[in-house]
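Everything on this sheet refers to the single structure shown next.
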Amino acid sequence: MELFPVAVNGVSHAEDPFSGPLTFIAPWNYKVLATLMFVVTAASLSENFAVMLVTFRFTQLRKPLNYIIVNLSLADFLVSLTGGTISFLTNYHGYFFLGKWACVLEGFAVTYFGIVALWSLAVLAFERFFVICRPLGNIRLRGKHAALGLLFVWTFSFIWTIPPVLGWSSYTVSKIGTTCEPNWYSGNFHDHTFIIAFFITCFILPLGVIVVCYCKLIKKLRKVSNTHGRLGNARKPERQVTRMVVVMIVAFMVAWTPYAAFSIVVTAHPSIHLDPRLAAAPAFFSKTAAVYNPVIYVFMNKQFRKCLVQLLRCRDVTIIEGNINQTSERQGMTNESHTGEMSTIASRIPKDGSIPEKTQEHPGERRSLAHIPIPENKVCPM
């Protein structure tokens, strides 16, 4: 099977897409795309580099539950470094000037790192479910468990992104001619089987994990809130986490649903005529996830923000770490910290995962969940 047939992605290329721009697309369209990719890539690289740098500098952030957060930032950083940078350059030139094999490598790298980031979100959801709901009783999330999660993410993603390089489907130039992607437009049944399998394992399955884990987590929080009082403050952790979960799921859907829907529609109807500029939109949406993932999953964590601010002020890291150690208990008890709220709830759930019966207490003795000392897991971005 030829990697690049005469007709590439449904566009008849008497003009080689690797030798010059498509003549029926005005040059200014490519300049607009280049500008957008420059903004997205610059923002993503700076944000995700900040996440990795701060985690490296502050030992308080190097906790098992944060391993997958850093992994997400690494994957997003690599997506932007490879796909974002190359997309900016190729759109600036108006065509994929790097050649056929560079197209294969770029298509593989962007798809691989993108799926690593996507599955990192699913593993993060599972780990939060594991910590809060305690499905295995008193077994805690430790470094070896987090490391196994990372190994799964990178291995599973590689298994489902290497086949096009080896002949099961292919990586080819996109319809607009400036990026490379899996060959959605192939009419070959052999290629269709890969697209369907890829759609199930790299979109439906992780989305299912995310939805199920967060729904069970919210259900557990609701039970805890109902058990420990009817005061507004007792409901606050549940409301905060519910809002955060909604944001996470919506962000996931915004980033990946257009790309998944596009791949299925084009696979089902290979001869469909789409404007190349419209066909480029789903891939652009998926790349923007690298910008808002750090905001949702990292920058909204109070302790991380404090470390980042201190680092930007160029203060001595040793002094900063000492200050954080001295105030960690107070941070855990603050109402503003998602970390404290999640750890508080986890500490109130019995080791067997059951919900204790309500006990009679005097009005003056009733306390909010947010004011209970936190014994562990103080760094738990939520």
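Using N, Cα and C of the backbone, Cβ positions are placed for all residues, glycine too.
Since we're looking at a predicted model, the values are computed, not measured.
Sequence annotations record features per position, and here Swiss-Prot assigns compositional bias 'Polar residues' to 330-346.
If you look up Swiss-Prot, you'll see 349-368 marked as compositional bias 'Basic and acidic residues'.
Per Swiss-Prot, disulfide bond is recorded for C103-C180, and the stated evidence type is sequence analysis. DSSP assigns C103 (disulfide bond) to a helical segment in the three-state reduction. Sequence-distant contacts of C103 (disulfide bond), defined by Cβ-Cβ distance under 8 angstroms and a gap of at least six in the same chain, are F18, F96, Y171, T172, V173, C180.
Cβ neighbours within 10 Å of K287 (N6-(retinylidene)lysine), excluding its own Cβ and spanning all shown chains: 25. Feature annotation from Swiss-Prot assigns N6-(retinylidene)lysine to K287.
Summarising the annotation, Swiss-Prot assigns region 'Disordered' to 330-371.
According to Swiss-Prot, the feature topological domain 'Extracellular' maps to 1-35 (among others). In this model, the topological domain 'Extracellular' (1-35) carries an average pLDDT of 69.
Sequence annotations record features per position, and here Swiss-Prot assigns topological domain 'Cytoplasmic' to 57-67 (among others) based on sequence analysis.
As annotated by Swiss-Prot, topological domain 'Extracellular' applies to 89-103 (among others), with the evidence given as sequence analysis.
What Swiss-Prot lists as topological domain 'Cytoplasmic' is 125-147 (among others).
With a threshold of 8 Å between CB atoms, the same-chain residues lying at least 6 positions outside the topological domain 'Extracellular' (169-193) that come near it are 1, 3-4, 8-11, 17-18, 21-22, 25, 30, 33, 83, 86-87, 90-91, 94-96, 103-104, 106-108, 110-111, 163, 262-263, 266-267, 270-271, 274, 276-277, 279-280, 283. The feature topological domain 'Extracellular' is assigned by Swiss-Prot to 169-193 (among others).
Annotated topological domain 'Cytoplasmic' per Swiss-Prot: 215-244 (among others), in sequence order.
Positions annotated as topological domain 'Extracellular' by Swiss-Prot: 266-279 (among others). Residues of the same chain lying 6 or more positions beyond the ends of the topological domain 'Extracellular' (266-279) and with a Cβ under 8 Å from any Cβ of it are 10-11, 22, 25, 29, 174-177, 184-187, 192, 195-196.
Summarising the annotation, Swiss-Prot assigns topological domain 'Cytoplasmic' to 301-382 (among others) and lists sequence analysis as the type of evidence.
Feature annotation from Swiss-Prot assigns transmembrane segment to 36-56 (among others).
What Swiss-Prot records for 68-88 (among others) is transmembrane segment, and it gives sequence analysis as the kind of evidence.
Sequence-remote contacts of a segment are chain residues at least 6 beyond its ends whose Cβ falls under 8 Å from one of its Cβ atoms, and for the transmembrane segment (104-124) they are 3, 68-69, 71-72, 75-76, 78-79, 82-83, 86, 98, 149-150, 152-154, 156-158, 160-162, 164-165, 170-172, 179-182, 202-203, 205-207, 209-210, 248, 252, 256, 286, 289-290, 293, 297. Sequence annotations record features per position, and here Swiss-Prot assigns transmembrane segment to 104-124 (among others) based on sequence analysis.
C180 (disulfide bond) falls within a strand when secondary structure is assigned with DSSP. Tertiary proximity for the transmembrane segment (280-300) is limited to same-chain residues at least six positions away from its ends with a CB under 8 Å from its CB atoms, namely 33, 36-37, 40, 43-44, 47-48, 50-51, 69, 72-73, 76-77, 79-80, 83-84, 87, 114, 117, 121, 124, 174-176, 178-179, 181, 244, 247-248, 251-252, 254-256, 258-259, 261-263, 308, 338, 381. In the structure as shown, the Cβ atom of C180 (disulfide bond) sits within 10 Å of 29 other Cβ atoms.
Taking DSSP states H, G and I as helix and E and B as strand, the topological domain 'Cytoplasmic' (57-67) has 8 helix, 0 strand, 3 coil. Listed as Cβ neighbours of the transmembrane segment (148-168) (distance under 8 Å, sequence separation of 6 or more from its ends, same chain) are residues 1, 67-68, 71, 104, 107-108, 111-112, 115-116, 119-120, 123, 126-127, 182-183, 190-191, 193-194, 197-198, 201-202. Using a Cβ-Cβ cut-off under 8 Å and counting only residues 6 or more beyond its ends in the same chain, the transmembrane segment (36-56) has close neighbours at 62, 66, 69-70, 73-74, 76-77, 79-81, 84-85, 87-88, 91, 284, 287-288, 290-291, 294-295, 298-299, 304, 307-308, 311.
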